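> Straight from TrEMBL, here's the annotation block:
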- 20: site 'Transition state stabilizer' (SITE)
- 27: site 'Transition state stabilizer' (SITE)
- 159: site 'Positions MEP for the nucleophilic attack' (SITE)
- 215: site 'Positions MEP for the nucleophilic attack' (SITE)
Ligand SMILES: Nc1ccn([C@@H]2O[C@H](COP(=O)(O)OP(=O)(O)OP(=O)(O)O)[C@@H](O)[C@H]2O)c(=O)n1
Ligand SMILES: C[C@](O)(CO)[C@H](O)COP(=O)(O)O
């Protein structure tokens, strides 16, 4: 019953510089068809009735332009546009503060993962409400090796236990806040949100997602992103 009435907030992190993409314009603002990648992402969450509020976290220099994007695209659930920090984890913390008192449950999502589906987001939310914490992920397809600085293989972890972790990552808000506070106190910086909660000794569940929920990271992701967008539009029958 309580689960049905849960209020969800979403932190969309988009304060990165996109170093690996190597473009002058940060990758979250590159156009995919006619819209910035970040707007595609925000619209996916805006359309979900379960979501009450979003906080968009961007570079300090981009706050004004993003407020304009939020207004131009009618993104009414974006209640604040906040300046992020030097690491993704610091940006998440800024976003969570902005959602204080707004939602008991939160998701963190990368602004550069525009292809997440409503079905996958709902699977992640449902799993989190069962367990307190859940992330979307897919089983890895390749054999993964650990390699040392001399280029020599040192270990081959069993593939059956390896998953590639995506976003959204969904948590009871108090749990994520506690995890991030401990991480800050310990000067620990993780590459995803689950790590902060794992460090509390709390189990984080995995909800199986889709291989198409890519994080646009390097230039070779762009043609694939165009292809995915065209495929989605064809499926929706809105191709022009
Ligand atoms: N200090 C940071 C770093 C990253 N991010 C966001 O976290 C997401 C995932 O990060 P990544 O793909 O690594 O983005 P960048 O940090 O921009 O890329 P790079 O590492 O190539 O510079 C992105 O939406 C990015 O904008 C953020 O909000 N604040
Ligand atoms: C959170 C994340 O998207 C999960 O795959 C990823 O860890 C972000 O890492 P990055 O170093 O910021 O690309």
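Backbone N, Cα and C atoms are what each Cβ position is placed from, and that goes for glycine too.
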> State the count of C-beta atoms found within 10 angstroms of the C-beta of residue 20 (site 'Transition state stabilizer'), not counting that atom itself.
12
> I'd like the Cβ neighbour count for residue 215 (site 'Positions MEP for the nucleophilic attack'), meaning other Cβ atoms within 10 Å of its Cβ, all protein chains included.
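Taking all protein chains shown, residue 215 (site 'Positions MEP for the nucleophilic attack') has 16 Cβ neighbours within 10 Å.
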> Under a threshold of 6 Å between Cβ and any atom of ligand 2, which of the recorded sites 20, 27, 159 are retained?
none
> Below 8 Å Cβ to Cβ and six or more residues apart, same chain only. Which residues does that give for residue 27 (site 'Transition state stabilizer')?
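Counting only residues 6 or more apart in sequence, the Cβ neighbours of residue 27 (site 'Transition state stabilizer') under 8 Å are 16, 18, 21, 37, 112, 216, 217.
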> Note down the number of other Cβ atoms within 10 Å of the Cβ of residue 159 (site 'Positions MEP for the nucleophilic attack'), including every protein chain shown.
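So the number of other Cβ atoms within 10 Å of residue 159 (site 'Positions MEP for the nucleophilic attack') is 12.
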> Checking the recorded sites 20, 159, 215: which ones have Cβ within under 6 Å of ligand 1?
20, 215
> Could you say whether, by DSSP, residue 215 (site 'Positions MEP for the nucleophilic attack') belongs to a helix, a strand or a coil region?
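Once the DSSP labels are grouped into three classes, residue 215 (site 'Positions MEP for the nucleophilic attack') ends up as coil.
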> Under DSSP, is residue 20 (site 'Transition state stabilizer') part of a helix or a strand, or is it coil?
coil
> Do you know offhand how many angstrom separate residue 215 (site 'Positions MEP for the nucleophilic attack') and residue 20 (site 'Transition state stabilizer') by C-alpha?
12
> Reduced to three states, what secondary structure does DSSP give residue 159 (site 'Positions MEP for the nucleophilic attack')?
helix
